[in-house]
Amino acid sequence: MFPFQPMYPMQPMPYRNPFAAPRRPWFPRTDPFLAMQVQELTRSMANLTFKQRRDAPPEGPSAKKPKKEASQKQKGGGQGKKKKNQGKKKAKTGPPNPKAQNGNKKKTNKKPGKRQRMVMKLESDKTFPIMLEGKINGYACVVGGKLFRPMHVEGKIDNDVLAALKTKKASKYDLEYADVPQNMRADTFKYTHEKPQGYYSWHHGAVQYENGRFTVPKGVGAKGDSGRPILDNQGRVVAIVLGGVNEGSRTALSVVMWNEKGVTVKYTPENCEQWSLVTTMCLLANVTFPCAQPPICYDRKPAETLAMLSVNVDNPGYDELLEAAVKCPGRKRRSTEELFKEYKLTRPYMARCIRCAVGSCHSPIAIEAVKSDGHDGYVRLQTSSQYGLDSSGNLKGRTMRYDMHGTIKEIPLHQVSLHTSRPCHIVDGHGYFLLARCPAGDSITMEFKKDSVTHSCSVPYEVKFNPVGRELYTHPPEHGVEQACQVYAHDAQNRGAYVEMHLPGSEVDSSLVSLSGSSVTVTPPVGTSALVECECGGTKISETINKTKQFSQCTKKEQCRAYRLQNDKWVYNSDKLPKAAGATLKGKLHVPFLLADGKCTVPLAPEPMITFGFRSVSLKLHPKNPTYLTTRQLADEPHYTHELISEPAVRNFTVTEKGWEFVWGNHPPKRFWAQETAPGNPHGLPHEVITHYYHRYPMSTILGLSICAAIATVSVAASTWLFCRSRVACLTPYRLTPNARIPFCLAVLCCARTARAETTWESLDHLWNNNQQMFWIQLLIPLAALIVVTRLLRCVCCVVPFLVMAGAAAGAYEHATTMPSQAGISYNTIVNRAGYAPLPISITPTKIKLIPTVNLEYVTCHYKTGMDSPAIKCCGSQECTPTYRPDEQCKVFTGVYPFMWGGAYCFCDTENTQVSKAYVMKSDDCLADHAEAYKAHTASVQAFLNITVGEHSIVTTVYVNGETPVNFNGVKLTAGPLSTAWTPFDRKIVQYAGEIYNYDFPEYGAGQPGAFGDIQSRTVSSSDLYANTNLVLQRPKAGAIHVPYTQAPSGFEQWKKDKAPSLKFTAPFGCEIYTNPIRAENCAVGSIPLAFDIPDALFTRVSETPTLSAAECTLNECVYSSDFGGIATVKYSASKSGKCAVHVPSGTATLKEAAVELTEQGSATIHFSTANIHPEFRLQICTSYVTCKGDCHPPKDHIVTHPQYHAQTFTAAVSKTAWTWLTSLLGGSAVIIIIGLVLATIVAMYVLTNQKHN
């Protein structure tokens, strides 16, 4: 690589110590007799350890050569070169290895890896082959005292004891099982349901487990491996292999495994095949044969081989037959040739190109199709020329071959140019397909120059870069983050997509016709046949020739037509080529360069500058590319927004206590929560109180201030009016009678008239004499009151103590509580039992999964329009055959094709007919790019809980259904059912690109053109395709072979453009949406009932725990509505040291600690959260209670990045200071009113008394 040798630094000189080395320490020598005894004991133990039954050694040379052979080799080392050569010859002519003669045994890997060695060692006594006709058809393994064998594997277990067992069938899991004898249970595998993502081991090496799927590299594992176990690092079975399916570069395995309950679960990927050695049979001339062993092959009988492939084109073993037919027995091929062997069955062709250098032409490089659906900027072209093969059909890399008027020529690929708006970079070619990377443009042109002639072809196609993610970038960035995407694979591995082939039709070749003297001579190419049709002097000639022949009846070249016939090569089923007459033999070959899942580097927009305000967030955005901004509220109504930001902008949003989330470009989501904070001081002066509450409760504050102002105004007005009224009343008598004067004391004494009420006896006597019904009613009122009071006393004195005692007694065994269904919020409580210390219980849900039951309705993707080569009949009529393909259309057109390239095609002008057929099929990339339509039903809930009961902790998974218990340390826990049946998924959902959408898709079989579901299939690989694309055939243009049509655009593509943000960004309650399986996690909605059954052993006697004799609680610091923003200090005196549970029975405060350590005398610090401005709660420490109360201040931070885990219940939202100022205000108004009323009363008494006196 470099022109010069690298220079390495010289080794440093060894360090020399100038001082003499110290003497070696002396140790006493051991007794030789004792050493001999130790060696003998070691030798005996080694014999006992290794003298066990061992399997037959693997094939191949041993790890170490025998000493004898090594010594012979050393002796022969000094011999001459001649003897060495003789020794080699003798070795070649020596007796054959008996193991090498046994062709039935599979050659094992000479150097198996560590995983393979471990599995082979564990499989030796626990896995047994199933033999069928002397071959291993599969395997049976013994797991957990049971024998498991795949039900689809036929044969007999190679063990007499196990073969005699009577098995039971479980068709749902494709397994047969039986209990093994007691003496064999010691050698069985153990199984486990624990399957963390990572790598596991099986017979062929490593198995990757990710997203609930087991995968291996492609080519690892094949038929005959059904029944093999997959093991973890501890040698436990995690799954049993049943089959597999190739998915690009990896193979997905069909397995049977176990869930957390120990219940068997089967996972089968789509289009999976069973891995037993059941032979797939194919057909040839009414004779069946194994598809992998055809009686003929292409190199020996090409025409017959194509006919055989056509007969079995729909056979499940077509791929095996195709591979075996191309690879003749006895011929070895290089591994690189495997990629190109299929397309040796085909040849290039010439086809019509709509835009050549000068108008339309029949081009050797006609472009059939262009696809650019990946996210990597690559383009896949399908052309009439071929790549990777030379003109003879042999392998030749970086070469293009093409058809030039019947002659196949080749050209180096670097002489072929491809460009859009600028030149493209050609990556590779395979068969009819070419992979290139092109810049953006509205058309794509391919051209090459040969013998000073330039051949080109252009087609209109908008080539553009398809970005992945939430930023619309135009070029892949140098730095960023990796994101899942779809890219075109740069290899030609078989991926399940096919391109249809058929025998080529007859093509007129004027070069075959020549004039020799006065007669016409037709010369067919060597090894091919030609059909000759002539009209000479009223004589019609039609015959097939394979060698040169003269036709003396004809004297002009225009009187004869020569058609090239070829039945040993296929061509692409193009609408630009005529169809062969009669029954056309068709086939299919694999499409290379398909879309595959990959990782793409996507850019990251600059982080927004965030400014926090009171319950608000301001984002200042500076995108480099158009970037999506999506927000939602983490409440029951998400109120999501979705906006594409192209220019610098500022966006303001409201944040509530329930949370708010925003996603900027390809950055991860960020969440913020508002705190109950506000300016001002709830415990300060009136203006500070008003400012504080105005920001917290603006409407309530305005309403309260308005009421207070109205009361004050009314009070002042009423007092003023009463004062004026009293003044007028006082002055009026004096104005009328100036000399009248009444003493004030007399007026006061005379104003109070005397009155005497009746006694109780007199009232009852009056009722008895005048109204006896009312008498009895009055008499029964005290009796009824006495009965009510008696019942209340009975309830208070009897029922409540009974319930308390019963609850205490039941707490010894059962305890029921309810916790919020919100991940991360810890729930603390205690169990009080008479005679025992309180038992603390702490529960923290780490994850809550909501998994709906889904049913796949259908799969939809891009469609591809298939067009049969037009069937042409000269001078005659045709009819359409019955249609059976999806959305198939057929029409017959007359008066077409009077001419074709190379001379006239038909002798007639208007009597010619063409049958055009077009239909719809799934695109080649449907396997990678498709959407799945599901119907969702009832959801199950799983909660991952971190539970602490006393001093025992466990992390467990609980099914929240109210039925499934979980046992740990003797504690039995039952959770559920959830308090609400809410789910973020609608009845109809769509899964696409790893995201879920609520979408009301059409039912199966009811798709509309141009809408989602225009093509529908039950699965990606199934053949039950429904299509409705408004396909209409148009009349072909005279003189050109093609099938024009019109069609609605892809509904799948339109849905991808118009779809709203997925549930990942719009789900209520902050749900996190995932796939595989479809589920919602950590939805903060509802509550989970919990029921504990606690054994007596976990309780502690009261005598063994401390008892507080004196306790005092002080709030050192208190910030309300903040995450454990309160600090309480409890000073105490205890009977002894120990550990005590702490708890607040009311919902006023939530404690962070579940228990505290106590000494005989000291203080304990406890952190708590509260939403109360003036918290006052009883704190229970062991069996004692202490009251804590004080004032709390609002938090300083308006916005925080974590939810508040404080208590949501509180008793007072208004501070005592505010109430004091309010009562003072109302109290002052009341004093004014009272003074006015007193004055008015005095005046009224005075006036009335004066009038009476007068």
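Placement of Cβ uses the backbone N, Cα and C atoms for every residue, glycine included.
As annotated in Swiss-Prot, region 'Host transcription inhibition' covers the listed stretch 33-68 rather than the other ranges in 33-68, 537-572.
Matching Swiss-Prot disulfide entries to the candidates C908, C926, C1192 identifies the partner of C1118 as C1192. For the residues S124, S511, S979, S1135, the entry in Swiss-Prot flags phosphoserine at a single position: S124.
Only one of C1071, C1113 is recorded by Swiss-Prot as the disulfide partner of C1083: C1071. Candidates considered were C798, C906, C908, C926. The record in Swiss-Prot pairs C875 in a disulfide bond with C908. Distance from the CA of N946 (N-linked glycosylation site) to the CA of C1071 (disulfide bond) is 20 Å. The number of other CB atoms found within 10 A of the CB of C1140 (disulfide bond), across every protein chain shown, is 24. Set side by side, the disulfide-bonded residues C906, C1083 differ in how many other CB atoms lie within 10 angstroms of their CB, and the most is found at C1083.
Between the C-alpha atoms of C861 (disulfide bond) and N286 (N-linked glycosylation site), the distance comes to 38 Å. On the backbone, the CA of C875 (disulfide bond) and the CA of C1113 (disulfide bond) stand 110 Å apart. Other Cβ atoms within 10 Å of the Cβ of C875 (disulfide bond), summed over all protein chains shown, number 12. Here C1188 (disulfide bond) comes close to C1113, T1114, L1115, A1128, V1130, A1149, P1175, E1176, F1177, R1178, L1179: these same-chain residues lie at least six apart in sequence, with C-beta atoms under 8 angstroms from its C-beta. In sequence order, I843, T844, P845, T846, S953, I954, V955 are the residues of the chain that are 6 or more apart from N946 (N-linked glycosylation site) and have a CB within less than 8 Å of its CB. Neighbour list (N233 (site 'Involved in dimerization of the capsid protein'), Cβ cut-off 8 Å, at least 6 residues apart, same chain): S201.
As a summary of secondary structure, the domain 'Peptidase S3' (126-275) carries 10 helix, 77 strand, 63 coil according to DSSP. Within the set of disulfide-bonded residues (C874, C926, C1071, C1113), the lowest number of other Cβ atoms found within 10 Å of a Cβ is recorded at C874.
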